[in-house]
Amino acid sequence: MSDFGNPLKKFKLVFLGEQSVGKTSLITRFMYDSFDNTYQATIGIDFLSKTMYLEDRTVRLQLWDTAGQERFRSLIPSYIRDSTVAVVVYDITNSNSFHQTSKWIDDVRTERGSDVIIMLVGNKTDLSDKRQVTTDEGERKAKELNVMFIETSAKAGYNVKQLFRRIAGALPGIIKDDPVEPPNVVTMDPIRQRQIVTDEGSCWC
């Protein structure tokens with residue numbers, strides 16, 4: 001039986017990874033089904049929210065987009081601390097960003113222990129001719145670290161919906177069916193909130 005009348009369950013997803021791996025682009029593709037070719041580094045932390053309709057309930061996903069630059073690293077543990085899901089993103093054309101995912105995952109487990117869902121995401125599959133990290137390498141690391149794994153392209157939209165479907169299926173108390181969207185229901189319910197502004201006059205991205 002559907003419990004659409006019950007209060008929304010809220011789950012916090014924090015996106016982590018090196019600068020320019022595509023964290024913001026993945027969120028933008030999921031929220032708005034769009035892609036911005038103009039790169040602008042995230043300043044501080046951005047927060048967005050979207051309602052997702054599952055087989056047996058409705059949930060609100062709170063998406064926290066973190067900056068990859070070193071100068072913002074000290075801010076990130078406080079955002080990891082109460083998260084349900086950590087999405088650790090790397091760029092398949094940048095082997096260093098892949099190697100750094102081990103550190104990001106360590107940071108998550110330092111703050112959350114084992115009480116967290118971790119998804120390792122290899123982004124930018126549209127640039128396969130420049131690939132430096134194979135799919136097998138990503139799968140092996142995910143298995144070694146006991147985390148989930150998927151490859152995506154925020155630019156092409158490849159596997160982005162599947163990424164969030166798999167996350168939704170792994171959420172605590174959620175039956176692991178693919179989420180469905182009831183007909184004639186608008187699911188995009190974005191709330192954007194600037195959490196931290198460190199550079200005066202900077203624009204969000």
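Cβ atoms are placed via backbone N, Cα and C, with glycine included.
Taken verbatim from Swiss-Prot:
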type: BINDING; residues: 18-25, T42, 66-70, 124-127; note: GTP binding site
type: LIPID; residues: C203; note: S-geranylgeranyl cysteine
type: LIPID; residues: C205; note: S-geranylgeranyl cysteine
type: MOD_RES; residues: C205; note: cysteine methyl ester
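Reduced to three states, the DSSP call for T125 (GTP binding site) is helix. Secondary structure at E18 (GTP binding site), as computed by DSSP, is coil. Take the CB of T66 (GTP binding site) and look out to 10 A: across all protein chains shown you find 24 other CB atoms.
Sequence-distant neighbours of T125 (GTP binding site): residues of the same chain at least 6 apart with a C-beta under 8 Å from its C-beta are I92, E151, T152, S153, A156, Y158, N159. In the three-state DSSP scheme, T24 (GTP binding site) is classed as helix.
Cβ-based neighbour count (10 Å, all protein chains) for E18 (GTP binding site) stands at 22.
Under the DSSP three-state reduction, T66 (GTP binding site) is assigned to strand.
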